[in-house]
Every structure is written in structure tokens, then in C-alpha cells.
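S.K.: Swiss-Prot feature annotations, pasted as is:
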type     : residues : note
TOPO_DOM : 1-71     : topological domain 'Extracellular'
CARBOHYD : 30       : N-linked glycosylation site
CARBOHYD : 34       : N-linked glycosylation site
TRANSMEM : 72-92    : transmembrane segment
TOPO_DOM : 93-106   : topological domain 'Cytoplasmic'
TRANSMEM : 107-127  : transmembrane segment
TOPO_DOM : 128-143  : topological domain 'Extracellular'
DISULFID : 142-220  : disulfide bond
TRANSMEM : 144-164  : transmembrane segment
TOPO_DOM : 165-187  : topological domain 'Cytoplasmic'
TRANSMEM : 188-208  : transmembrane segment
TOPO_DOM : 209-237  : topological domain 'Extracellular'
TRANSMEM : 238-258  : transmembrane segment
TOPO_DOM : 259-293  : topological domain 'Cytoplasmic'
TRANSMEM : 294-314  : transmembrane segment
TOPO_DOM : 315-329  : topological domain 'Extracellular'
TRANSMEM : 330-350  : transmembrane segment
MOD_RES  : 337      : N6-(retinylidene)lysine
TOPO_DOM : 351-521  : topological domain 'Cytoplasmic'
REGION   : 445-486  : region 'Disordered'
């Protein structure tokens, strides 16, 4: 219980014109109910200047056992090392392998960058302060530490949301994404993600809330303990637009992704096919459910990592900060920072092309993952080429991918699509074009080599002009531009004899790169 004279002494301190309490000292007072800590703050004479007060008790300690500091310090060190090594491996592998540098994978690289910076700026500082059982880096260091944790944490959350929205559009609305998958557009989205994170991380520097010590006073965060309208308003808006709204968007996107996959699976089940065809469709559905499970794990880990920290802040927001102990503030902060080690495992190590790239560029890690780059490369190339051949021959929407296929891990990696996404997007495109998913004859034995398209390279794709080709009916696609000076609607020839231009009929312009075109033999 606090000393009865505590409020009167604190009032005398704040009323003295020579004493100006800093946000850090206010945060210490508001963030702890420990008698010894508040006694250190109240022991300052009313006539002491602000500079002398800061030098006397800049960051007092919490009366907890030493092993509590050492345990948290060890955990945060292990989390930081794992996050740094894991995310650095992701960044290195994606940068070394050209086939992985696709617009879709740029989101994963951005996620790895933000998580890497989170681990670098948080773990060493937290660990050092835990060893000495007090904050070592002063008020400026406290503000910088908390700012880095905020901006990199928010960036990771919003990047996860951008990934979910990107997969949602690609799978459920493939025609709407025509012409929108460029690296430049993705870079603009990522720039918006970082600006959004900065917009919510900078206000404490300008008086809207503050960055103060928290928990065991060996780390810092924004002030969520002070029960004032200004601080409560910032806390409420921060959680609404940084935690709850992104979480709702992620859940919404993956619900519709699951529904698209399920509808595609039902369309396959309704077809009277041979046992070989049914077995392949069943394997495809198993792959789809595997992706669904990975998405579910992403959402659960996202919630589990940040829910404890959010709960603590919301308890203080509701006015019950007096029931919070130092442990209840520090432990959730460590759990939230541990989210930096989840994303490399989920989004990268489970990515088949990434696993092969690790085996190629980091053979030692490839052995640990049980992947051989030399053995996996041909099979992936064959599978990707095989699927491109099937789709370009049998459908009015040919999912064309990639540049320099011999140098990449396969056409699939160029676009950044998984088998599941291709299948679900295929089904959605068939429904949009008014055709049955089952009407496409995709059996290997039913495809003749003489009818397969031949890949030819050209600097600028040749696309049929509106004067000689009819627009494709039922698609409604209006791509604004195409590389090369080609613009216009999605078009298709009614017959090769009616169009003098050599080109592949019936393809979405969005998936045609600047150096690869398909031409008829």
C-alpha cells in the first residue's frame, strides 16, 4: 500500500516551478504499484531541479528476484537470435534467387525485413538491461527502443494483412487482378505499409501519449497505464486500426479463400472421371487443405502472439491498471516480440521453392531441412512446365508465367503462386467465363504433343489489335496497359486465318511477361 503522504508529496513535486517531470518518470509512477519504486520517486526534494531529479532516480528498479530478470533476458536473447538468423536467411535466399523475386514474394521479403529489424533493435537492449536489472540507456534510449518496437511491429501486422488481401484477390478475383501484379505497384503498397506504421508510431514524440518504461523497467513501450483521456484515446485508436481491424481483414480474406477452394473441390467431385483422374484431384485437394491449415496457423499465431499484450493494455485502458503486476506487463511483451520468429517458418520454410533455394545457396541448411536442390529442381521445373502446357492448351485462360524459365525454379515461382492458388483461381476464372470446371479435358494421355504451344522469346509481346481481333466475351477485363506499347481490352482471334498477327489466342494479359510469349506452331 502506498504511503499516505504519497499523493501530497507528488503534488508538491509537480507544483514546484523548478521541477518538470519527464514522460519517463511519469510512466514509472503510473506503471507500477510497487512501494519501493514510488518511494524512490517521492524521496526527491521539492526543491530539487528537474536535471538533478533525473540524475537521482532516472530509472529505478523493481523489487523482484534476480532470476526473474535473468530468465526473461535469456528468453528474449534466444528469441532475438532465432529471429535475426531466420529472417536474415529469408532475405539472403530471396535476394540470391532471381526466381523468387516476384511481386507476391516481395511481401514476404518485407515481412522478413521488419521482423529482422525488430529482433536487432529489441533483443540485445532488453537482454543487457535484464543482466543489470535496470534500464541502462536513459530516456532517449527508452523512446528510441519503444519507437522501433512500435514501427516494426505495426509493419509486420499490416504486411500480414497485405499478404492476405493479395492472396484473396489472386484466388477469388483472378480477372480483377489483370495488369495489377507488377513490382512497381507492389512497391507502392509496401511504401504505404511503412508510412502507415510511421503514422501510428510518431504521435508519442509530439505529446499524444508517450514512450515510457514498462513491466520490470528493463524495456519500454507506449504509455498505456496513465488513465487520462489523451492517453486512452491513443490506446483505443491504436488497437482499433493496428490490431483489431487488420485481424478482421485477415479473417475475412481467408474465409473467402477457403470457400473458393471448397467450391473448386466440389466441382471436381461432381465430375465422372477415371480413377486416375480422381486420385489426382484428391491429391490436389489434400494440397489445398494443407495450405488452408498453414493459413489457419498464421492467424492463430498472430492472435496468440499479440493477444496477451493487447489484453494487458486494454485492462489498463479500462481503468484497472492497479491489478497489473510487473510480470503481467513484461511477459506479454516478450511473447509479442517472439512473433518475429514465426513468420520465417510459416511463409518461407514451408514454401517449396524457398526450400529448394536454401538447398542451392545454403547446402548446410538444406541438409537440415531434408531438401536436395539438385534433385528437387528438375521435378519442380517439370511440374511447373507441365501445368503451363496443360493450361495454355486446354483453357481460354492460360496462366502464363515467368521469365527465363531455365534459370528459375519454374514458371510457378515466377508468379509466386502455389498449386492451391492456381487451382482455385482456375476454378474462379472458369466460373467467370461461364464454363464448367469439369469441362476441361486435362488428362496427360489426352494431350497430344503436336498441339502443344512452343515458347518463343521476344522483347515485346505481340498482342492482337482491336482492328483485327474480337474482344473476348464474358470476361469484362479491361487492363489499362501492357509492357511494350500495347494497350486495350483482352482480345482473342476467332481463327488464325482472320488475324495476321502471330500470337497465342485466349490468354490474360496480366500474366504475360515482357520477354516470354507463346506462339502457335
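Using the three backbone atoms N, Cα and C, a Cβ is placed for every residue, glycine included.
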S.K.: Do the transmembrane segment (72-92) and the transmembrane segment (330-350) come close, with at least three CB pairs under 8 A (pairs 6 or more apart in sequence)?
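M.R.: Taking Cβ pairs at least 6 residues apart, the transmembrane segment (330-350) and the transmembrane segment (72-92) are in contact, with 3 or more under 8 Å.
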S.K.: How many helix, strand and coil residues does the topological domain 'Extracellular' (128-143) contain under DSSP?
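M.R.: Here the numbers are 11 helix, 0 strand, 5 coil.
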S.K.: Any residues 6+ beyond the ends of the transmembrane segment (107-127) with a Cβ under 8 Å from its own?
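M.R.: Beyond its ends, the transmembrane segment (107-127) has Cβ neighbours at 72-74, 76-77, 79-84, 87-88, 90-91, 94-95, 137, 141, 145, 148-149, 152-153, 155-156, 159-160, 162-163, 166, 186, 190, 193, 218-219, 334, 337, 339-341, 343-344, 347-348, 351.
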S.K.: At the level of the C-alpha atoms, what whole-angstrom distance separates residue 142 (disulfide bond) and the residue listed as 'N6-(retinylidene)lysine'?
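M.R.: The Cα atom of residue 142 (disulfide bond) is 16 Å away from the Cα atom of the residue listed as 'N6-(retinylidene)lysine'.
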S.K.: What three-state secondary structure does DSSP assign to residue 220 (disulfide bond)?
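M.R.: For residue 220 (disulfide bond) - judged by DSSP and reduced to three states - the answer is strand.
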S.K.: As a test of the contact definition, list every same-chain residue at least 6 positions from residue 220 (disulfide bond) whose Cβ is closer than 8 Å to its Cβ.
M.R.: 135, 142, 143, 145, 146, 149, 211, 212, 213, 214
S.K.: Determine which residues of the chain contact the transmembrane segment (188-208) at the Cβ level, with the cut-off under 8 Å and only residues 6 or more beyond its ends counted.
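M.R.: Sequence-distant neighbours of the transmembrane segment (188-208): 106-107, 110, 143, 146-147, 150-152, 154-155, 158-159, 162, 222-223, 230, 234, 238, 241-242.
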S.K.: Taking every protein chain in this structure into account, which of the recorded positions 142, 337 has the most other Cβ atoms within 10 Å of its Cβ?
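M.R.: Result for the most crowded candidate: 142.
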S.K.: Work out the three-state DSSP category of residue 337 (N6-(retinylidene)lysine).
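M.R.: For residue 337 (N6-(retinylidene)lysine) - judged by DSSP and reduced to three states - the answer is helix.
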